[in-house]
Amino acid sequence: MKLLHIDSSILGQGSVSRELSAEVVATFRARDPGLTVTRLDLAATPIGHLSAEHLAAAQGAPISDALKADVEIGQRALAEFLAADIVVIGAPMYNFGIASQLKAWIDRISVAGTTFRYGENGPVGLCGGKKLVVASSRGGVYSEGSPAAAFDHQETYLKAAFGFLGITDITFIRAEGVAMGPDLRSGAIASAKEAAAALAA
């Protein structure tokens, strides 16, 4: 089994999503000691945002020297995603959405003819069979039923984007309200870690 571990938080040691994604990966390692883990830190090694040059290169246009390295990084990211049986993503909420570096990565793996295709009845995802676990952190409370639920363009987007690629086995390990005081923060993290441990059940 192969696991792709991605972090997108711009924070270091204080990142809740990084702490939780590491917990999730540790749970899968304990369950399968032979697990192969590939690590991708999108904050430390960002992928360039999609541009007209990237699209032209995908259609066979000559690649400039300035773009060549970034195209290779994007191709490697796609290959790592395709090879993974399990994908674990640390995804904090920034201004109601995901980190821009995570969006850049998603743009690079969303490739017509490779991870999805257009059929007679609309788009068809080609990545079914993968398991996705998202370690989600939020300063406020935006889960379903909360007054601020309409502001959630983080988990809702990720579910839609990966669903579009055919992934239906999606689990969110969520710690929210982490900016609303130390007690709520510690409680949210503890609850999320319990949910992560339950993945081994």
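Using the three backbone atoms N, Cα and C, a Cβ is placed for every residue, glycine included.
According to Swiss-Prot, the features are:
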type	residues	note
BINDING	SER9, SER15, VAL16, SER17, MET93, TYR94, ASN95, PHE96, SER137, ARG138, GLY139, GLY140	FMN binding site
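Taking Cβ-Cβ distances under 8 Å and a sequence separation of 6 or more, the neighbours of GLY139 (FMN binding site) in its chain are MET93, GLU176, GLY177, VAL178, ALA179, MET180. Largest Cα to Cα distance within the recorded FMN binders SER9, SER15, VAL16, SER17, MET93, TYR94, ASN95, PHE96, SER137, ARG138, GLY139, GLY140: about 17 Å as a whole number. Using a 10 Å radius centred on the Cβ of SER9 (FMN binding site) and all shown protein chains, the other Cβ atoms total 24. In the three-state DSSP reading, MET93 (FMN binding site) counts as coil. Of all the binding-site residues listed here (ASN95, SER137), the one with the fewest other CB atoms within 10 A of its own CB is ASN95.
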